[in-house]
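What follows is a short report on a single structure.
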Amino acid sequence: MLNERCAREFKALLAEVLTADAAAQETDDGKTALNSWSTAKRLLKSDPRYNKMPRKDRESLWRRYADDMLRKQKSEKMELDSKDDKKVDHRSRSSGDYGRLSSGLRGSHDRR
């Protein structure tokens, strides 16, 4: 029960510290808090919840959290890209249809 409580508190620490903004900050060698345990550790060590979690479990819990965050970021990016593609397609069709429609109207209007 105590181990479960420590794990819950450690996961809360991960969620508080390893935000999307923190994960976006890269070191000089391209590491982030989501792709490098040593980088994440530097951000987490100062909190007492870090030391309460058994050393052997810290990295594995971080890895699961980081994998989930990366998966969510990738999914969100794919959704945004998909929405952007639809907006571009819609705009190009609308402008093309408008040109055809207005020229078609002019042609039928001129004939009358």
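Cβ coordinates are placed from backbone N, Cα and C, and glycine is handled just like the others.
Across the domain 'FF' (8-65), the model assigns an average pLDDT of 94. Positions annotated as domain 'FF' by TrEMBL: 8-65.
The region 'Disordered' annotation in TrEMBL covers 73-112.
What TrEMBL records for 73-94 is compositional bias 'Basic and acidic residues'.
With helix defined as DSSP H, G or I and strand as E or B, the domain 'FF' (8-65) counts 39 helix, 0 strand, 19 coil.
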